[in-house]
Amino acid sequence: MKTVNVLGATGSVGTSTLDLVEREPEAFRVRALTANCDVAGLAAAAIRTNAELAVVADEACLPPLRDALAGTGIATAGGAQAVCDAAANGADWTMGAIVGCAGLRPTLAAIEQGGTVVLANKEPLVSAGAIITAAAARYGATLLPADSEHNAIFQCLDLSQVERVRRIILTASGGPFRDWSLDAMATVTPTQAVAHPNWSMGAKISVDSATMMNKGLELIEAAALFPIPAERIEIVIHRQSVIHSLVDYVDGSMLAQLGPSDMRVPIAHCLAWPERMATPMAPLDLVRIGRLDFEAPDETRFRSLALARAAVDAGGARPAILNAANEIAVAAFLKGAIGFLEIAAIVDDTLQRYDPAAPETLDAVLHVDAEARRLAGERVKDCVA
Ligand code: NAD
Ligand code: MG
């Protein structure tokens with residue numbers, strides 16, 4: 001029996017995680033579930049899974065959560081610190097599925113308990129990868145990657161042979177606008193951007209997939225998670241999203257992980273690891289898929305890729321600035337305040353205007369993150385004005 005926390009339990013990854021957990025009640029016991037302010041979703045999930053504790057990050061949402069869970073025996077709490085406290089309850093297995101850098105402190109709180117911490121939430125790894133991996137080593141926590149590409153690499157990478165790895169290849173669907181001209185992309189609406197052709201995901205990551213910043217963030221995430229330098233991590237467009245990533249060894253063997261485009265596959269791998277568990281999806285039908293296509297990404301139409309590559313090469317504060325500015329720009333785009341192509345422009349502008357020293361501590365990272373958000377926010381206002 002594993003005790004389980006799900007941080008970001010009401011989102012796309014959180015819901016997929018609970019779907020698997022609920023199928024095996026004798027294998028998993030739910031301790032804490034957290035959300036930002038989706039009281040109805042959180043209360044329903046807590047009741048269904050018989051959780052011990054439900055936490056909303058937004059304190060204003062605590063009174064309705066208390067009402068929704070009155071008489072159930074499920075404890076409630078509210079506020080950002082309460083999310084961290086819940087993450088520090090010593091559960092065996094924690095899913096980090098909060099969106100954005102808001103997940104950084106809760107992720108670290110879970111790591112400090114020394115259990116297994118599963119990272120779907122990629123933004124903290126981009127902004128503070130070295131701090132997260134150092135904390136895992138220090139506290140004896142096991143980090144497992146749930147992001148499908150990184151989970152694929154984790155499954156294919158023989159760590160005893162990293163000297164013999166030629167390249168890691170991250171596959172990218174290319175998103176809904178992979179065949180669009182720049183002129184056409186200038187007119188993209190939020191509704192169009194969140195409709196991903198292959199994956200069903202939260203709004204922020206869907207926009208990131210459409211700009212391909214998601215693949216840029218994943219490049220930085222891979223360099224943080226695996227002992228392979230970024231210059232040996234390549235990106236290839238693979239529109240079917242059947243191969244989730246590959247490892248290329250010096251002898252010419254390339255190992256790939258294939259699977260349905262359903263996050264329950266990599267999540268199940270992390271839930272059962274080092275064993276395996278069944279998932280409800282139909283097995284891949286290779287004959288029906290018929291063909292697998294690959295093409296080079298276009299960094300002219302998808303500027304985010306070049307910005308992320310430059311940020312990981314330069315290191316220091318650059319990835320944290322890239323991520324923070326992108327979070328602000330994506331939120332502004334989703335609100336209709338800026339155009340689709342302005343997302344990458346704002347990230348680029350923020351990187352040009354702000355070049356602090358490398359942040360060595362968590363507080364320093366959080367300072368860079370806050371300052372980059374402020375600068376990106378100014379640019380958003382300029383766009384609106
Ligand atoms: P989502 O928007 O569907 O869900 C986000 C969750 O985080 C919700 O439970 C929400 O209540 C909570 N949350 C939001 N803001 C918060 C805050 N300030 N404090 C605490 N909790 C907060 O997002 P998602 O698509 O599930 O993605 C979650 C993370 O996983 C992201 O970092 C994303 O990049 C990554 N990821 C997602 C997928 C996918 O298929 N959805 C795949 C790979 C990686
Ligand atoms: Mg991914």
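The backbone N, Cα and C atoms fix where each Cβ goes, and this holds for glycine too.
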Further NADPH ligand in TrEMBL, beside Thr10, Gly11, Ser12, Val13, Asn121, Glu123, within candidate set Gly174, Gly175, Gly202: Gly202
Matching residue for the Mn(2+) site, where TrEMBL names Asp147, Glu149 - out of Glu112, Glu218, Glu231: Glu218
TrEMBL annotation, 1-deoxy-D-xylulose 5-phosphate site containing Lys122, Ser148, Glu149, His196, Ser209, Asn214, Lys215, Glu218 - matching residue among Ser173, Ser181, Ser253: Ser173
Integer Cα-Cα distance in angstrom, Val13 (NADPH binding site) to Asp147 (Mn(2+) binding site): 10
In the chain carrying Asn214 (1-deoxy-D-xylulose 5-phosphate binding site), residues 6 or more apart in sequence that have Cβ under 8 angstroms from it: Ala172, Gly175, Ile205, Asp208
Binding-site residues near ligand 2 among Asn121, Lys122, Glu123, Asp147 (Cβ under 6 Å): Asp147
Cα-nearest neighbour of Glu218 (1-deoxy-D-xylulose 5-phosphate binding site) within the listed binding-site residues, Thr10, Gly11, Asn121, Asp147, Gly202: Asp147
DSSP residue counts for the domain '1-deoxy-D-xylulose 5-phosphate reductoisomerase N-terminal' (4-129), split into helix, strand and coil: 60 helix, 28 strand, 38 coil
In sequence order, those binding-site residues of Thr10, Ser12, Val13, Lys122, Glu149, Glu218 whose CB lies under 6 Å from ligand 1: Thr10, Ser12, Val13, Lys122
